[in-house]
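Peer 1: Mind looking over this structure? Questions follow.
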């Protein structure tokens, strides 16, 4: 009985729902008859009634299809896959490590250009950087990596720099091997209107070092994203960043700025057409112009005249130098020249380029230097940058300068960074870590063959919270035969060995006569080692295996110092381990008449060189001197038997970007020639001084700029020459010098 009631109740409910459904449909049809309205086909987008009040920025069909005149993501992916068939390449699958495990090590070979080959200015600079690097080889059998002689920088078919038939030509290379162990440099790919990443030839298994690289097509751990740079970008050296001249206050006159082209149609126009929305003419200046290209007047809109007029009111360089943040939107391609300009100016880049694989993203932590925005959230950018604190602003700006100086200021640095990244992948067991790449002085100046431990370098003591060791090794450069126990070198040995910080003494014997027996040397409380210098002046800076301490005291055989002077200089060096600390100063200057650099030993109010005849420095600079500097500079030093100390100062100043440190008041640090017999000391020869003038100009030419920095301060001991008891002074002997 109860079951029957349940079924009856269920049936009644079902009937009610059916009647309600039909009643609702009847009401809708009656309303249509009364209002004379017909049923409409459902639309995916609303049909606004107030169309006159809403300007059409895009057609409704474009919105339904995803917007933009370019191909769909699927079409772009298919086009990429058809050209780059090895899209899954990784170092383990598409690179022959066996070519790099030979005795030659990591060597790079450049294919010789064919007769009459057209090479653009930018690609010529790249080839020059490779050929002048320490990795270049002219023998392809020694090569680990290959670089094409064919210009592949500009693959826009409408460009005058476009080189046709690349695919056929590279397949004719006997060493091409489907691109394995090759690196291809490219700045521009694709052409109007879609600017796809089509290079016009199959790169195969080659590593692609490309600007404006899309994350969809980037092969992680294999390809390398490089910055877009102009043909005017300097070959080497390059200008320093501008933060040193404009560091305080952290916030500048303008909060955010952009000044550039506005694309009226085509890819990249969506973002740049919307930039005027954030312009307020006060602390945010966003200026665009339609006046570019041949047909801009055909496509100009109602806003062009006003934008062009506003565009002329502001100077780009003034905005760049006086803005805290710089907007870096995408152009036709993902990369932009604005990126490097912002880095140099210490104007924090605010990126609006969705899908852009940032330059050298494998090793650079870009969140420490840029603000990444979203093209779809342009209106949120002002509030985002306003929320960045002052301490964060200063940190970001400082990091822009670190990255600019280390990797982007010249074509040389861009190319060498590319090669060093590949080298780290090949020799991963001795590769650099992220701190080495992102902290001063940068990865190019940290050679992992020296050590993989941060504590072994002079740059990371503050990062690690430690101090250098309490011992040093003295290296004495000897060029005169030992004929008397009263020679200056005998006195010097006694003075140095009395220092409680001296671990050992190494005599680098560069005399024509063979070194004397051990019994001829005076007894000392520290180990004494005599090493053959092979009669090469540059050998005093070779990385001798016997040097185990971090600090090296470099001395000439005729140097005159007190033990207390050595101890004080060593204490000062422990506070400046990345610089040269010592006694004899020299200086450089620019001669406007000769239009060349000059060198002077006069006592002036400033100095830029500390001679290594009496100076402390870190032993890592021996490794840099031998493995970073080109052999041509070391050969120049050996040929002239001169300038090795100037070259070491150039090297250390280029690494530290700081001047050396002069200690105490001593000016004369050598025995006078009359006390050494009839033979005149080399430094007393006028020809010796002339050679040093020439060396300064030769070295600055190789570095591409003048790395030496002037300083006007000297460090003396506390209580130096104060009217207090000598018993309270630790270095009282320094006052009698």
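The backbone N, Cα and C atoms fix where each Cβ goes, and this holds for glycine too.
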Peer 1: To which of 540, 574 does Swiss-Prot also attribute binding of UDP-N-acetyl-alpha-D-glucosamine at the site defined by 432, 556, 557, 558, 644, 645, 692?
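Peer 2: The one candidate that Swiss-Prot places in that UDP-N-acetyl-alpha-D-glucosamine site: 540.
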Peer 1: For the feature transmembrane segment as recorded in Swiss-Prot, pick the matching range from 7-27, 28-48.
Peer 2: 7-27
Peer 1: If I take the alpha carbons of residue 644 (UDP-N-acetyl-alpha-D-glucosamine binding site) and residue 322 (N-linked glycosylation site), what is the distance between them in whole Å?
Peer 2: 42
Peer 1: Do me a favour and check the Cα-Cα span between residue 556 (UDP-N-acetyl-alpha-D-glucosamine binding site) and residue 194 (N-linked glycosylation site); whole Å is fine.
Peer 2: 67
Peer 1: Which of 432, 540, 692 (the binding-site residues) has the most other Cβ atoms within 10 Å?
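Peer 2: Counting every other Cβ within 10 Å of each candidate, the maximum falls on 540.
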Peer 1: Which secondary structure state does DSSP assign to residue 692 (UDP-N-acetyl-alpha-D-glucosamine binding site), in the simple three-class scheme?
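Peer 2: Reduced to three states, the DSSP call for residue 692 (UDP-N-acetyl-alpha-D-glucosamine binding site) is helix.
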Peer 1: Any same-chain residues 6+ apart from residue 557 (UDP-N-acetyl-alpha-D-glucosamine binding site) with CB under 8 Å of its CB? Would you list them in sequence order, or say none?
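Peer 2: Correct list: 476, 477, 478, 479, 480, 487, 488, 489, 492.
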Peer 1: Report the nearest neighbour of residue 558 (UDP-N-acetyl-alpha-D-glucosamine binding site) in space among the recorded positions 194, 322, 645, comparing Cα positions.
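Peer 2: Answer for the nearest of the recorded positions: 645.
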Peer 1: If I take the Cα of residue 432 (UDP-N-acetyl-alpha-D-glucosamine binding site) as reference, which of the recorded positions 194, 322, 645 has the closest Cα?
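Peer 2: In terms of Cα distance, residue 432 (UDP-N-acetyl-alpha-D-glucosamine binding site) lies closest to 645.
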Peer 1: Work out the three-state DSSP category of residue 644 (UDP-N-acetyl-alpha-D-glucosamine binding site).
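Peer 2: Note: residue 644 (UDP-N-acetyl-alpha-D-glucosamine binding site) is helical by DSSP.
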